[in-house]
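Now, the feature entries from TrEMBL:
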DISULFID  C96-C106  disulfide bond
DISULFID  C198-C208  disulfide bond
DISULFID  C298-C308  disulfide bond
DOMAIN    29-124  domain 'SRCR'
DOMAIN    127-229  domain 'SRCR'
DOMAIN    232-335  domain 'SRCR'
SIGNAL    1-19  signal peptide
Amino acid sequence: MYHLLVLLLLMLCSSGLQAEGEQTSTESVRLVGGESRCTGTLEVKHRGEWRPVDVSAWTLKTAATACRELDCGSAVSVEERKESSVRSMWWIKSDCVQFGSALRECASSLSSDYTSSILFLTCSDSVRLVNGTSLCSGRLEVKTNQSTQYWSSVCEDDFDQQDAEVVCRELGCGPPSVLQWALYGELGHAMWTKEFQCGGHESALLDCRSSDSDRNTCSPGKAVGLTCSEPVRLVGGKRRCAGTLEVKHHREWRPVDHYFWPQKEAVAACRELDCGSAVSVEERVSSYRSAWWIRSNCVQFGSALRECATSLSSSSILDLTCLGTNDLLAPTLSSTAQTGIVSISAPTVFFTLGNYSNRESSTDPF
């Protein structure tokens with residue numbers, strides 16, 4: 001009987017270890033070599049092998065999928081890193097990601113399996129905006145516990161304009177333009193139980209001072225909904241709504257490549273700039289420099305310009321003129337007791353820019 005009990009215990013232990021091993025093996029995405037678990041070189045496990053991901057054609061829109069799989073916050077930046085030696089890579093099919101598949105399900109070997117250009121991804125590890133129309137808008141959630149990966153909504157009584165400035169900066173977005181309670185849905189699983197006391201200069205929300213809140217519940221309709229302005233600007237023009245189009249990504253302002261700009265991209269740019277309708281798009285030739293190429297299919301899916309940017313070198317820079325009703329400065333936050341803070345939307349007018357050849361493949365969803 002004793003030997004039978006020992007045998008049963010051994011079988012149970014073996015079964016438990018096997019189950020644990022199976023659970024561990026389900027991990028298929030990771031970031032390595034970064035300062036936190038939500039930043040580093042992106043690696044995917046496919047066919048039993050961990051490989052870094054090729055950086056080609058990656059945008060913030062695609063990167064947001066990886067951040068969600070990692071249970072991190074919003075995608076903040078996508079960088080290209082050069083290694084001293086080449087190694088095998090996975091290429092992630094962006095059209096596969098668009099339909100909601102996991103990264104490893106969208107991985108395939110490159111035609112040339114070896115490259116030295118890898119993807120370095122930064123996600124926010126403690127704040128995120130959910131249910132928004134872009135990576136710069138949504139209901140604010142804060143990670144309450146780094147070990148359990150548990151996210152909580154924030155009540156409007158514990159959050160103000162200076163707190164909003166810090167969140168927008170942390171996410172790589174422009175200054176806050178809309179702060180309106182319940183704009184992006186009601187409270188999630190839990191409520192943050194501290195009141196933020198940011199000075200507005202901090203680089204991360206959890207760097208701010210905080211105090212225990214005297215609330216353990218939040219009234220319906222009081223969850224913080226935040227919209228940050230998109231980091232887009234026109235420079236060198238005679239007025240605010242005309243000039244060279246520049247987009248900020250990974251703390252760097254770059255001009256936008258002129259090649260293939262249909263009406264949807266021009267209209268989207270003027271809308272993000274709060275400059276009304278688009279009037280003209282012109283090419284300006286300069287010396288070769290780093291620029292952003294805005295992927296047209298990504299914009300057509302309703303994404304912001306920054307989310308659709310891919311790095312390249314170009315001598316063909318885009319000058320844009322929008323028909324702004326006035327040249328007001330960027331909107332500032334003001335509050336009302338009932339409706340929160342509301343931005344003013346400029347009208348949108350569609351127009352035709354002419355015939356251009358499309359350099360994107362029909363399978364590129366972003």
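Each residue, glycine too, has its Cβ placed from N, Cα and C.
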Here the Cα-Cα span from C198 (disulfide bond) to C298 (disulfide bond), rounded to a whole number of angstrom, reaches 35
Looking at the disulfide-bonded residues C208, C298, C308, which has the shortest Cα distance to C96 (disulfide bond)?
C298
Please work out which residue of C96, C198, C298 has the most C-beta neighbours within 10 angstroms of its C-beta, and give that one of the disulfide-bonded residues.
C298
Taking every protein chain in this structure into account, which of the disulfide-bonded residues C106, C208, C308 has the most other Cβ atoms within 10 Å of its Cβ?
C308
Average model confidence [pLDDT] within the domain 'SRCR' (127-229):
84
Compare the C-alpha of C208 (disulfide bond) with the C-alpha of each of the disulfide-bonded residues C106, C298, C308, and give the closest one.
C308
Euclidean distance between Cα atoms of C298 (disulfide bond) and C106 (disulfide bond), Å
18
